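Colleague: Here it is, the structure, as structure tokens.
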Amino acid sequence: MAEPSSAAEASGRSLAAIDLLRAIPAERLRAVEARCQWRETRPGDVVFELDDPTAAVFFIVRGKLRIVIRRDGPDDADRAAPAEGADAVPESSLSELVTLAEFTSGDTFGELAAVDGRPRSARAVALDNGLLAILPREDFLDLVEAHPPLAMALLRRFAGFIRSLNRRVHSLSTLTPRQRVFMELVRLAEPRAVGDGTWAVDPLPAHGDIAGWVGADRETVAAAVGQLAREGLVERRHKTLIIRDLARLRLLAHLT
């Protein structure tokens, strides 16, 4: 992995921890850092909007972002979109969004527009305080052309996105909203350390966040979790959801 310069270390404005750039030599990486613009983010900040004509690539030095589209379609997204520098997206608006992906420190996003030169296909929203490095499209493409390992890493990322999209499309077209909630709980569940065969979702995401991932609304999520609780399959303990019968939950989600 490339080592950051002392100046970059002091300022925190280093790309050394960006996964996609790990094969880039240190000297070239410092040159890339010099070409970047740097942006601090706050929770709810819109980094770019659907159909935004910009094509820069974003590296997450610190923080977490979510890529979303509105369930109501592009027209509503355009009406609701705040201008650059405007107030953050309200929580009520975020609950109406379908989540396409989440990225955290070390990740990259925005490559699609950089590669094909077309407008943004979704909205990017910051989830917490963070720092982004923004590399102009021309500089990113020059970097990809000059470093074949980077080009291969980019292809692997796109392949992963396509596979994930295929799974999402399949679930949206074959499962009911409630089944998709069950499937998401199965995905999030981990075995508990007590060794009694129970599993847990800890912490349990907000209903609006689950709704965004499964293409439903918060009411559907609440109803699905309530059904499981009434049937004795789950138990809510503060911010943790205890799953007493994972096999039964998988069956309800049509995963078996």
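Cβ coordinates come from backbone N, Cα and C, glycine included.
So TrEMBL lists these for the protein:
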DOMAIN    20-144  domain 'Cyclic nucleotide-binding'
DOMAIN    175-247  domain 'HTH crp-type'
Colleague: What is the three-state DSSP composition of the domain 'Cyclic nucleotide-binding' (20-144), stated as helix, strand and coil residue counts?
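Modeller: Helix, strand and coil residues of the domain 'Cyclic nucleotide-binding' (20-144) number 37 helix, 41 strand, 47 coil.
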Colleague: Averaged across the domain 'Cyclic nucleotide-binding' (20-144), what pLDDT does the model get? Just tell me the whole number, please.
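Modeller: Mean per-residue confidence for the domain 'Cyclic nucleotide-binding' (20-144): 87 out of 100.
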